[in-house]
């Protein structure tokens with residue numbers, strides 16, 4: 001007599017009791033057998049479902065109803081099971097003991113459970129499969145032993161489990177396949193041995209599992225397979241060998257004639273041999289990406305008529321497209337990260353049912369015609385070497401919805417390349433070399449990406465893309481055509497189209513919503529309603545225009561425009577005048593006047609850059625979006641940016657040098673009562689020019705930050721590199737102003753009262769002090785702006801930032817010459833000398849300057865406080881001028897030994 005018959009006989013008294021009591025037990029009778037703190041409910045079949053999970057139980061509950069069909073004891077603290085604790089539960093079909101502390105299950109623990117179909121023992125501390133406790137559970141269909149510490153499976157532990165369909169042994173410590181234990185599981189259909197430590201699968205490891213359909217062996221340490229390890233698996237359809245240490249292709253799979261899904265990705269397989277799947281005609285899906293595959297036989301995937309998906313990622317050494325003859329059902333093909341340089345012309349003849357083609361990250365240069373692949377819905381060809389898209393490449397692909405051609409070298413696209421793609425919704429052409437884009441056939445696009453095509457500078461009309469929702473452009477100005485530059489999107493309203501509509505008209509239009517006179521009115525109304533919906537959901541275009549990239553004007557506000565024009569005019573005229581008077585009027589140029597002249601020259605460069613920006617604003621007035629991209633990428637923009645930074649830094653460096661020169665001059669005059677030239681002036685000037693040029697060239701070397709905005713200046717926000725550059729400039733200039741301040745503070749501290757007025761050339765000392773004060777004051781807003789950006793302080797409005805960059809920064813270029821013209825007496829003297837020279841040169845162009853009357857020369861020398869003296873000896877003697885209240889002049893001797901030089905005493 002078998003066990004099931006015994007179970008029926010043992011339950012017969014219970015059945016007789018039920019019959020005597022009038023049939024099925026009442027709900028009240030069932031619930032009286034519910035343990036304390038557990039939740040019980042009828043299952044609709046005269047039986048009881050008992051849930052005692054997560055109650056902290058340390059032992060099995062008592063007083064369980066004999067009619068219990070479902071018992072959940074998971075997530076408790078049960079550490080051991082007594083013999084036959086549940087023998088009376090003859091109707092129990094599902095027992096859950098997961099998440100407890102069981103380390104051992106004794107024999108007889110499940111005795112009497114003749115109806116048990118599901119047993120869950122996962123997440124315990126079992127170190128081996130119970131040797132005898134599971135035997136003779138003839139009704140058991142599902143057994144979960146996963147997430148334990150099982151390292152041993154006794155040979156006879158599964159004997160008697162003739163109905164077992166599903167077995168979980170994953171996430172344990174198995175090191176080998178328990179071949180003997182599996183021989184009694186002839187009805188097993190699904191088994192997982194994943195997440196163990198198995199190294200090898202021997203021959204005939206699953207020999208008696210003829211009904212097995214699913215086998216998971218992933219995440220083990222399998223490095224070798226027996227050539228006949230899968231023999232006997234006549235019904236196997238899914239085999240998972242992913243995430244192992246396989247070094248060779250598993251040729252043992254050729255015996256699996258019914259295999260439909262095969263995965264062996266993330267291994268160390270280096271090659272796939274010819275006719276690798278010759279014994280697997282039923283294969284539908286193959287996953288073998290993330291293997292260091294170097295060689296794939298051309299016939300490896302031939303004659304797989306059921307194959308639907310083929311995925312091969314990261315096969316970096318594949319150079320030829322595989323031969324797919326006889327694999328006509330393929331719907332998805334992914335071959336990425338290889339070195340395929342060309343596709344066969346017959347690729348679509350072999351794959352007429354292809355729907356998804358992913359050949360990204362290859363070396364494709366030329367493309368065949370895909371017109372035969374009528375079912376293609378998605379093509380991904382990004383990151384290749386494609387140069388040209390011909391007219392027939394994508395012709396008549398009526399089902400194509402997504403086309404990705406990003407990160408290629410595409411410079412030419414035939415005007416009709418997209419003309420027969422009515423279903424195309426997503427097109428990605430970003431990061432190519434396009435200068436224009438055809439629009440024929442693209443009316444149905446909803447997503448368009450063109451970013452990274454720096455040669456594509458023209459505007460694209462929004463009328464060509466009526467269904468567009470998302471678009472990415474190379475330049476922000478191109479988004480102006482899609483209305484993103486407006487602050488508020490104005491929704492066209494069919495009830496208020498006219499500004500002069502009367503109340504009666506509005507009433508008629510309102511009534512027209514509910515009463516449509518004829519079909520024509522209905523069509524017009526629907527068209528207007530569709531326009532309103534489109535207005536409610538405008539196109540999302542990026543990068544969007546902003547306060548520094550406007551659609552209509554370069555400067556934006558008239559305050560900035562007038563300020564830039566004023567600075568440009570004053571800087572050019574005043575600095576030109578100062579430069580002329582310094583370098584053309586004087587017979588001899590002292591060190592300080594040379595520095596003043598050079599400051600005027602570099603300030604004139606700043607005026608040139610401001611004038612160019614003002615000219616661009618005037619030329620593009622009202623239509624800057626049409627020229628913004630061209631201007632940003634033009635060489636002129638980079639030249640303007642370079643000149644601005646070079647002029648600004650040179651001016652600061654020269655002013656620093658002038659302050660040091662004045663301090664040196666005053667020190668020498670106080671000590672020797674004579675003026676001594678500043679040492680190594682030419683070398684210092686060359687160093688200043690070199691340093692300023694280097695500072696101005698940094699944005700060019702670091703990726704042309706000058707082209708980041710149409711203002712052609714590094715913006716003190718956004719990219720960390722630009723912010724760091726601006727902060728570095730501010731710190732450098734602040735250091736210069738600190739040096740100047742210290743030098744002049746020492747100068748004034750060492751002078752006694754009245755000494756400054758009695759000094760030679762005191763006007764130049766005062767002039768440099770005035771320049772220092774003015775430039776330092778104007779430097780403060782720039783420094784505040786840069787450090788605010790560094791600290792992410794966002795309370796400064798964009799208009800204020802633009803005003804600082806365009807007006808405050810170049811303002812010293814016009815104030816410096818104005819201060820010299822208005823307050824320095826040397827200018828009037830030099831201007832008079834320049835006028836006399838001009839008058840003289842006009843009267844006598846061929847007469848030498850030496851013919852000037854000696855009296856005029858002497859008078860000019862006195863008026864300009866300059867005299868030309870040639871020293872031919874080491875001892876220098878001259879008369880010093882006396883000031884009011886000072887003793888008469890007396891001769892002085894300079895202790896410095898000099899060669900013959902021109903020297904100008906102070907007056």
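Backbone N, Cα and C define each Cβ position, glycine as well.
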Identical membrane-side domain name, residue 362 and residue 800, from Swiss-Prot: yes
Annotated transmembrane segment segment (source Swiss-Prot; candidates 514-534, 661-681, 724-744, 745-765): 724-744
Residues flagged as transmembrane segment in Swiss-Prot, choosing from 468-488, 489-509, 594-614, 615-635: 594-614
Range annotated as transmembrane segment in Swiss-Prot, from 639-659, 828-848, 849-869, 870-890: 639-659
Residue among disulfide-bonded residues 52, 373, 637 with Cα closest to the Cα of residue 541 (disulfide bond): 637
Cα-Cα distance linking residue 712 (disulfide bond) and residue 348 (disulfide bond), given in Å to the nearest integer: 51
Summary of DSSP states over the repeat 'LRR 9' (233-256), given as helix, strand and coil counts: 5 helix, 3 strand, 16 coil
Rounded Cα separation (Å) that holds between residue 34 (disulfide bond) and residue 373 (disulfide bond): 65
Residue 40 (disulfide bond) to residue 712 (disulfide bond) - Cα separation in whole Å: 77
Most Cβ neighbours inside 10 Å, all chains, among the disulfide-bonded residues 34, 40, 637, 712: 712
Folded-back contacts onto the repeat 'LRR 18' (564-585), same chain, C-beta under 8 angstroms, at least six residues removed: 555, 593-594, 596-597, 600-601, 603-604, 606-608, 610-611, 613-614, 617, 806-807, 810-811, 813-814, 816-818, 820-821, 827, 830-831, 833-834, 837
Residue with minimal Cβ packing [other Cβ atoms within 10 Å] among the disulfide-bonded residues 38, 52, 373, 479, 541: 38
Integer Cα-Cα distance in angstrom, residue 38 (disulfide bond) to residue 712 (disulfide bond): 75
